[in-house]
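All remarks here apply to the structure that follows.
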Amino acid sequence: MAVSYRELGLVNTREMFKKAMEGKYAVPAYNFNNLEQLQAIVTACVQTKSPLILQVSKGAREYANATMLRYMAMGATALAKEMGCEIPIALHLDHGDTFETCKDCVDFGFSSVMIDGSHHSFEDNIAVTKKVVEYAHQFDVTVEGELGVLAGIEDDVSAEKSHYTNPDEVEEFVKRTGVDSLAISIGTSHGAYKFKVKPGESVPPLRFDILEECEKRLPGFPIVLHGASSVVPKYVEIINNYGGKLDGAVGIPEEQLRKAAESAVCKINIDSDGRLAFTAMIRETLAKHPDEFDPRKYLKPARTELIELYKHKNLNVLGSAGKA
Ligand code: 13P
């Protein structure tokens, strides 16, 4: 049965992005798959009075069940209210791959969807994105498109270059599709292995020149940055100290994300950092208490750590604290 996001207490991203653009900060888009992650995200954003985009991937919908997720998001808005701070919360589909997936999410109460046609040709990307926009806008659901592909860690330099967003294409893409925001590729990538760096070497800077070119072509238009985890070294170390094996995991330095948040980048996507913090705390707790088998006993410290992580991001990286 189709349900409107408004019935779930959610909002779309339009107003959030307008304010973020004016206020020179970025709205956090945090991914979740389970109850503890959701509780931590909402708690951190309420405590820091930050607007929030709750992000769900296709895989998360499969993992947690689409109906369950709809009501978890509704629970999130109710929880925020109960905590005494009604922050704006959007429920967003991360990397929708087809029109059908996006339509299903619109019908299921999402207030925002991403159609990722970046792997298609320019014309095919425009066609599928436009189709999603036409459907979603009937229900005032906002749509994020993508131009340029986020480079993978294994790509060599020239392949990486060819994946960056071409600023010459952004204006036509936005005009012809009617999207509400655009994800661009400026050197970030998904996951915990973003760069290959030798010990002591610093990571290459993001391509702020491409971002600036895109801003020039699309004045006042919201840009989205994917792959923005910093891969917090503290968590990688804890994971490796307690039986894990994450060799050479490197992310985006916080200063670069701060700089991006002050630009037209209005939404910053963070997933891996949450996964790392959660896993680190579970590994540490179980290693220190090998007799423990009550999930609450090891999920609680993981949830507590997540709250601290997200508060830190809102306060010190994205600048979204106090903006709700
Ligand atoms: P990270 O893997 O850097 O957290 O990126 C997440 C993301 O962009 C989700 O769309």
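From the backbone N, Cα and C atoms, a Cβ is placed for every residue, glycine too.
Positions annotated as active site, proton donor by TrEMBL: ASP94. The secondary structure of ASP94 (active site, proton donor), as reduced to three states from DSSP, is extended strand.
For HIS226 (Zn(2+) 1 binding site), the same-chain residues that are 6 or more apart in sequence and have a Cβ closer than 8 Å to its Cβ are GLU146, LEU150, ALA183, SER185, THR188, HIS190, ASN269. Taken from TrEMBL, the feature Zn(2+) 1 binding site applies to HIS95, HIS190, HIS226.
The Cβ neighbour count for GLU146 (Zn(2+) 2 binding site), using a 10 Å radius over every protein chain in view, is 25. Taken from TrEMBL, the feature Zn(2+) 2 binding site covers ASP116, GLU146.
Checking the recorded positions ASP94, ASP116, HIS190, HIS226 against ligand 1 with a 6 Å cutoff on the Cβ atom leaves ASP94, HIS190, HIS226, in sequence order. For the Zn(2+) 1 site, the Cβ centre of HIS95, HIS190, HIS226 serves as reference, and the other residues of the chain with Cβ at most 8 Å from it are ASP94, ASP116, LEU150, ALA183, GLY227, ASN269, ASP271. DSSP classifies GLU146 (Zn(2+) 2 binding site) as strand under the three-state reduction. Cβ neighbour count within 10 Å across all protein chains ranks HIS95 highest among the binding-site residues HIS95, HIS190.
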